[in-house]
Every structure is written in structure tokens, then in C-alpha cells.
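Asker: Dropping a structure here in C-alpha cells format, bear with me for questions.
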């Protein structure tokens, strides 16, 4: 039973592991295909967020099915990757950012498992989970330590602005997000991080800066540019995650595991 899962974003459609097998997990929100393999002494699950070959746009991803499927497999910890545009001049293309905060500007995505009586499962209640610190401190610490030990260009914190997509942002939007305190911008952290918290799973993300955001460089933004840089950084992404996995404590002492306490009723 995998304790740890990797959710691969743009440019991360597979992960090296031994004895791989494909699992099809049925959830109340649909079926999900997950790869399970062995990394070191850990059984690890891998899920390609956008599907193989980037076939699903960010606003159409079945986030609820994905997170529920990992939960059903017994996953407690999730390491996600996310390609991002930088709004912070200090965060350059090729840098890694271990995210610590989110500003959510998505508008059309289902963002909770707890829809009361309308929930398609036995948890027919309403929950208001605490999201003060959206990312697991224990996984973040492991990622930061691994990045430092490997000598990778990294930033130990960063605020992610999540937009609806699939279009890139306007220059005016980026100026507004910078005023609000955003460092990087992307399209997938919400509701993914929220849903993981609702199921009391630990979740953290390593963001990879692929370009400067709209209006920052004067260049046209292209998805091919994102994929190209992610391919160049793929080896470092794998090294970072492989180095972080053994640093994640077996026993969870973070607040993620108790997210539903006080959230209902």
C-alpha cells in the first residue's frame, strides 16, 4: 500500500520506479488510473494530473476523483509538481520554489467533497477545514532540505496565485497579483491542495519556474516554452523528489491529519 504519492504536473508524465503496476481506482467521482511502483524502500503512487501527454486542460481536471483515488489507495502524503510563471524578479526560470501560500482566483471548479446530502458518498455533511497553512510543513521541510543538499537553485517559500486558465494571464492581472503578494502563477493548485486537506492528507508542492509571467519580459507566452524548460529540468525534478522521500517522517505529527476536527457540526 503506497504511503506517498507524486502528482506530476505539466511536463512530468512519468516517474522512475521499480516493479511498476497500473491500478484503476473507482471513486464516487469516476475512475482514475494510477501507477504504483517501488522507490527505495517505499511503495509510491504516481498520477499524471493532466493525463498522459497533457490531454486534460487545468479547468477540466477531475481533481476530486484524483485525490479520492489516492486516498482509497492508502496514500497519506502527496508531493506535487507545478510549472509556474514568475512574478517575482528574484525567482528566475529554472528555479525551484517550495510553495507555502496560495491565493485562489479559480471560479468554476468543484472544490469540496462535502456537499451535504448531495455528496455521492457516505460523508453527507458540510465541512469548513482550516487552510491557514495550505501546505504540509513536514513535506515542505523534506523538500527544502533535499534541494539544499543537492545544491539546486531554490526558494524556501513562495505564494502561488491560482488562475482559472487555460489562457495565460493579462499583464494587468499580473500587476494586480503582485500587489496582493503573489510570487508565482499557475492553474492547478486549487482545488487540489484544498481537497487533500479535506481528506486529512499531507500535501506539498515543488513549483518549477518556467518563464516570467505576462508583461514581465515583453515576450509572448507559449506552452511550448513551459514544456521545453520542464524537459530540461526533469532530471533535477526527479533527483529532488527522490532525495526528499526518505526525509519525510513515517509518523505524521503535522496538523494535516486532524483537519476535520472542529470542521463539522
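A Cβ is built for glycine as well, from the same backbone N, Cα and C atoms used for every other residue.
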Asker: 10, 49, 50, 82, 83 show up in Swiss-Prot as binding phosphate; which entry in 163, 170, 188 does that record put in the same site?
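Answerer: Candidate in the recorded phosphate site: 188.
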Asker: How would DSSP class residue 169 (site 'Important for substrate specificity') in three states?
Answerer: coil
Asker: Judged by the number of other CB atoms within 10 angstroms, which among 136, 202, 213, 254, 256 is the least packed of the recorded positions?
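Answerer: Sparsest of the recorded positions 136, 202, 213, 254, 256 by Cβ contacts within 10 Å: 254.
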Asker: If you measure residue 136 (disulfide bond) to residue 212 (substrate binding site) at Cα, how many Å is it?
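Answerer: Roughly 27 Å, rounded to the nearest whole number.
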